[in-house]
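Peer 1: From TrEMBL, for reference:
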DOMAIN    45-475  domain 'Major facilitator superfamily (MFS) profile'
TRANSMEM  94-114  transmembrane segment
TRANSMEM  126-143  transmembrane segment
TRANSMEM  149-170  transmembrane segment
TRANSMEM  182-210  transmembrane segment
TRANSMEM  216-235  transmembrane segment
TRANSMEM  278-302  transmembrane segment
TRANSMEM  322-345  transmembrane segment
TRANSMEM  357-376  transmembrane segment
TRANSMEM  382-407  transmembrane segment
TRANSMEM  419-436  transmembrane segment
TRANSMEM  448-469  transmembrane segment
């Protein structure tokens, strides 16, 4: 959201147009020289050649097409709100994807640190570092875009260390019969944050302190520092170490999860994951593929929806932030209901129908709606917003489809498999900003159409992979073989 306010889009557009015009002029001049020689040898009149040259020159200098859309929520060319940085589309894509350069490769390391040092001592420092780096965003942008690029990579590393904590904390705090509900609440937190930050960021861009857009990062950083204080006062690794937990709550959770003081040691001594079987398992590959395409569609919206609303729908900054939050409200609402719908479907028709139907609803239908959206522009804003809200909202059903399928097939190795999948499936966070920057050089609807078609094709292909190859029972490599003491003695005697 902030980059919409940081960049001088008018200067970027004019620079790109001037560069394109210069190249076209060089090409036209070269063509005219050859044409002139041909006309001269053919004894054509100089007047006809000059008329052709004038027409070609006028065509070269013709401005690129602009939309005639005009409404109170749209910004016209004479009153557009521009920032201070003349960053090219490629540089914007680089900055938007920089966070995932640090986030993607360190997922597995984050999981290891969580098991080695505990949730409280890993997530807390990472979130504190994230707060400080966010507060330094303004200073980094003043130095150079490359300083901001490095800072965003460092932000990604703190995310990679901290984000697995929300899954690990359920292993020691989430009773078995409540895990699904707690997981839905945790994921809802992601969408609620998007619902809040987009309109707030839009208002801060226009009315905030320190020049507008810097206040977005100052407010976010300070809010995160306050969160860190609450984290250290409230969060402990398990009910066994929490000094203020109610005895009845502690007894209930410990009994449900069969926690003991030796749990962490026992976990460390377990046999490692069967990685050869995991990497060659078609059910695992199908789940990773489905999560990859889901994240592609979500990261496209998360990182590029404000740009799409500005370039194609012609929204001003304040309206951009307000309308960008609507799809995430839709996703929050659908996620709140999808858990109950999935439970009912699995009881009535079985796990296979529940998981496959959730994937089709969450990927194939949004893909079709993306294609429809690609043919619309700022003259159909109500329809575009309705389709975006429906498509992004329906994508929430993936959390009760391919995402929860990990627990169906991976048994005791679900943590390792989810970490692997999360590492691979977050690569779209790096790729989608670059794809958008490369495909939308001139900010036209036709160029954005290529982005939507690519996304739709990927989502349909990966959802088909999941429907065909997914399984819904613990795989042979994930089954823990146990031997009773009596049987063990007999085997020793033999």
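Every residue gets a Cβ built from N, Cα and C, even glycine.
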Peer 1: Determine which residues of the chain contact the transmembrane segment (322-345) at the Cβ level, with the cut-off under 8 Å and only residues 6 or more beyond its ends counted.
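Peer 2: Counting only partners 6 or more residues beyond its ends, the transmembrane segment (322-345) has Cβ contacts under 8 Å with 1, 73, 180-181, 184, 187-188, 191-192, 194-196, 198-199, 202, 301, 305-306, 309, 315, 353-354, 357-358, 385, 388-397, 399-401, 404.
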Peer 1: Which stretch from 94-114, 149-170, 278-302, 357-376, 382-407 shares the most C-beta pairs under 8 Å with the transmembrane segment (448-469)?
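Peer 2: Most contacts with the transmembrane segment (448-469): 357-376.
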Peer 1: Which bits of the chain, at least 6 residues beyond where the transmembrane segment (278-302) starts or stops, bring a Cβ under 8 A of a Cβ in it?
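Peer 2: Counting only partners 6 or more residues beyond its ends, the transmembrane segment (278-302) has Cβ contacts under 8 Å with 194, 327, 359, 362-363, 366-367, 370, 388, 392, 395, 398, 401-403, 405-406, 409-410, 413, 416-417, 420-422, 424-429, 431-432, 436, 451, 455, 458-459, 461-463, 465-466, 468-471, 475, 477.
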Peer 1: Short question: which residues 6 or more past the ends of the transmembrane segment (216-235) have a Cβ under 8 Å from it?
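Peer 2: Non-local partners: 1-2, 119-120, 123-124, 127-128, 130-132, 134-135, 137-138, 169, 197, 200-201, 204-205, 208-210.
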Peer 1: Quick one: mean pLDDT on the domain 'Major facilitator superfamily (MFS) profile' (45-475)?
Peer 2: 80
